[in-house]
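This report refers to the structure that appears directly beneath it.
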Amino acid sequence: MTREDNIEECSVRLTGSVSSGGGIERVGSDSRWVDGSEVDSESPPWSLLDENDQREGYSSYGSARRRLAKKPKRVDSFDVEAMEIAGAHHQHPKDISLWLTLGLAFQTLGVVYGDMGTSPLYVFADVFSKVPIKSEVDVLGALSTVLYTIALFPLSKYIFVVLKANDNGEGGTFALYSLICRYAKVNMLPNRQPADEQISSFRLRLPTPELERALNIKEALERKSFMKTLLLLLVLMGTSMIIGDGILTPAVSVMSAVSGLQGEIPGFGTSALVIVSIILLAGLFSIQRFGTGKVGFMFAPILCLWFFSLGAIGVYNLVTYDVSVLRALNPAYIYLFFKKNSGNAWSALGGCVLCITGAEAMFADLGHFSVQAIQIAFTCFVFPCLLLAYMGQAAYLMKYPDSASRIFYNSVPDSLFWPVFVIATLAAMIASQAMISATFSCVKQAMALGCFPRLKIIHTSKRRMGQIYIPVINYFLMIMCIFVVSIFQSTTDISNAYGIAEVGVMMVSTTLVTLVMLLIWQTNLFLALCFPLVFGTVELIYMSAVLSKIKEGGWLPLVFATCFLCVMYVWNYGSVLKYKSEVSEKISMDFMLELGCNLGTARVPGIGLLYNELVQGIPSIFGQFLLSLPAIHSTIIFVCIKYVPVPVVPQEERFLFRRVCPKDYHMFRCVARYGYKDVRKEDHRAFEQLLVESLEKFLRREAQDLALESGLQEMDGGSLRSTDSGAPTGDAYDELRIPLMHDGRLEEQGSTSEEVPSTLPSSIMSSDEDPSLEYELAALKEAIDSGFTYLLAHGDVRAKKNSIFLKKLVINYFYAFLRRNCRGGTASLKVPHMNILQVGMTYMV
């Protein structure tokens, strides 16, 4: 966080008086900066500075040492714990054995490739509904288009490029967005802190100064607000398309599987098809509450059998009917196909794109497996089976061109129809299950990054944190799927809608990966531009083809995406304005000092956990509590639940503490950091215990550091030697560094911590002799015994009177409606109502 960012958040000028309405009044320019000590404390820890930082204006090592020895700085776990953790949690990826990788590759069949594996049920049926088969060019051209579409996107794009753009093993649209947020401050909430970069999973590699292109892109993204908004809208659009896939995938997959009964059972018409599909969909969504883990063990074997069936039937059809369809490997047939059919071929292109539905799951589900497992499964098993399946269907069509509307089941030998039908129905439901679970994960990630209203999340597995169930989203998907099946009653019309959602997600991923290549990978400019030129151009061609089917059902995903985009953007927009309002109304530190340690009221034993969204400064809601309550707790902790742009935050790096006001105030700030895939399933008692343990650790480290500072002041000034460049020598550097980082975990780094105690006074290394520490720990123990109280704000967000009409409409009605109907803070905290104390607060934005 730069100096400008700190001043923007901490430079509000307020008086020490309170207005009649409980708010804080603003005054003129003669007031002091709010909480100036916190602005200064946001500078990076002195032990973490490098030569680049010195060139940017930071003090040298020598001056940092002299400041530490001569001018004691408030101990701040935002810095101290970051220094401790930075060297203690280097992640060294372990070599995964070949057998384990093969086992993971087998498991990917049941989760990743279900959607793509069921595409042979309806691809050619959709293609030849637009282009009637009149010659072999029609069949060979369509087959060639399908084969090269699979080779271009899942194989070339995802296997070889996109999978490498993962975020510490996590994939998906929000994973790319969080990765970009780590390298450039493009997050709409300005709550980034230097200590966040010391999380072991952050893995930040700043762009090198030699590559001006990467730095220019970074500066442009950070400087221009419309670029941040555009990037956010792009991510939200991609997420909206994925949610749309969660609606369309179950509908088209289940209907395609059940449609096989139409030609097998006499009298099984459209009405029966719709009724059976609705029953299966209702059953599919009703079992979601049990979690995918209950039936997950059977997914991979069924899909493995399904892919084997596809390949075997394809080989049988090739040998039996027409092996000459292998000529479709010549891409010239694509040209002949379009030359012969012109406009109809363009419309049929929207059906060809259905062969890669679910390709985005190869990247979105990366967190459950590994890059090597997904690559092996696709290249060695899925890709060959799909090629054989489409070739076999094309061989059958060469002899029986009139069977295109029911090509899959017609190409199955009669003796294998019922076994294949059962396997196809199970595979379709499994493919639907994968997309439903992916929708749950996308919604959870959007909630974590402040882009979706809070909803109830149920964790269905104690071992796998990614297995979740969101009741509201589940029932919404079920109603929408039943609606789609009832209205369209045809897989062809649903497929028209399906293609738009799939191509839209792929275009978003292409744009984000290109930005990753330019900003983070620092790829050669020619290679970086070839990626969007090749894949983006083809995707635009496919998008133009599927958009031509707007009237034939293509409007459906656009409506879904628009609705979800509006909901997510309105929620993010209102949340950002609310945060900025809290920042602008923070209470002045001068005002707190004037109140004294009793805060102008009585202090009673107990711990008050005041929840707010600020990472620094005293929230204005605290002033409301002081006005409304006759007494306040002896220990006050300002708790901020913050999601950082990493997948997972280790438990030992969860809490960061900072003391607010002098010691006798007994006030602290706690930032509880979570990753966007972290699961907050601890109850309030476990959370309280973890918080208190971290607070005690912080107090002991504070006493230890103060003892270090006082001990260094007593030492001979000549021992504080520095080199000519201003950097400390090795011995002096270790004397200052080791006590702050003293931890058994650092021994494996080969540190010289064993030599330090002999060179420093014993008082520096011992906190047991500090009476102030013992007193504060005893006071904390008494407060813990008296219990915890959760101080919450029942906030109302309103637009200012001078705001434009559109802003008033969005904030006062749309955003207010979402806040009233989302999951409340009391329910999210999982605490008894008797432990909650709420005060009304109106935020004018």
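Every residue, even glycine, has its Cβ placed from backbone N, Cα and C.
Quick look at what TrEMBL annotates:
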REGION    1-65  region 'Disordered'
TRANSMEM  96-114  transmembrane segment
DOMAIN    104-593  domain 'K+ potassium transporter integral membrane'
TRANSMEM  139-160  transmembrane segment
TRANSMEM  230-253  transmembrane segment
TRANSMEM  265-285  transmembrane segment
TRANSMEM  297-319  transmembrane segment
TRANSMEM  345-364  transmembrane segment
TRANSMEM  376-396  transmembrane segment
TRANSMEM  416-447  transmembrane segment
TRANSMEM  468-488  transmembrane segment
TRANSMEM  500-520  transmembrane segment
TRANSMEM  525-547  transmembrane segment
TRANSMEM  553-571  transmembrane segment
DOMAIN    605-843  domain 'K+ potassium transporter C-terminal'
REGION    746-768  region 'Disordered'
COMPBIAS  749-766  compositional bias 'Polar residues'
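Counted as Cβ pairs under 8 Å, contacts with the transmembrane segment (139-160) are highest for 345-364 among 230-253, 345-364, 468-488, 500-520. The transmembrane segment (96-114) makes contact with the transmembrane segment (416-447): 3 or more of their CB pairs lie within 8 A, with pairs spaced 6 or more apart in sequence.
Sequence-distant residue pairs (6 or more apart) of the transmembrane segment (376-396) and the transmembrane segment (265-285) include fewer than 3 whose Cβ atoms are under 8 Å, leaving the two stretches without contact.
Contact between the transmembrane segment (265-285) and the transmembrane segment (525-547) is absent: fewer than three CB pairs lie under 8 Å, with pairs separated by 6 or more positions in sequence. Long-range contacts of the transmembrane segment (345-364) within the same chain: residues 111-117, 119-120, 122-124, 126-131, 141-142, 145-146, 149-150, 153-154, 158-159, 162-163, 166, 171-173, 242, 245, 249, 337-338, 374, 378, 386, 390, 431, 434-435, 438, 441-442, 495-496, 498-499, 502-503, 505-506, 509, 541-542, 545-546, 548-549, each at least 6 residues beyond the stretch ends and with a Cβ under 8 Å from a Cβ of the stretch. The stretch in closest packing with the transmembrane segment (500-520), judged by the count of Cβ pairs under 8 Å and taken from 230-253, 297-319, 416-447, 468-488, 553-571, is 230-253. Counting Cβ pairs under 8 Å that are 6 or more residues apart, the transmembrane segment (230-253) and the transmembrane segment (525-547) reach fewer than 3 and are not in contact.
Here the transmembrane segment (525-547) has long-range neighbours at 152-153, 157, 161, 213, 346-347, 349-350, 353, 496, 499-500, 503-504, 506-507, 510-511, 513-514, 517-518, 554, meaning same-chain residues at least 6 beyond its ends whose C-beta is under 8 angstroms from one of its own. With Cβ pairs under 8 Å as the measure, the transmembrane segment (297-319) is packed most heavily against 416-447, out of 416-447, 468-488, 553-571. With a cut-off of 8 Å between Cβ atoms, the residues of this chain six or more beyond the transmembrane segment (416-447) that come close are 110-112, 114-115, 117-118, 121, 172-175, 236, 239, 242-243, 245-246, 249-250, 253-254, 256-258, 260-261, 264, 280-281, 284-285, 288, 292, 299, 302-303, 305-306, 309, 313, 358, 361, 364-365, 408-409, 453-455, 457, 466-470, 473-474, 477, 568, 676-677. Cβ atoms under 8 Å from those of the transmembrane segment (553-571) belong to residues 232-233, 236-237, 239-241, 243-244, 247-248, 446, 450-453, 480, 484, 488, 493-501, 504, 546-547, 810, 814-815, 818 of the same chain, restricted to positions at least 6 beyond its ends.
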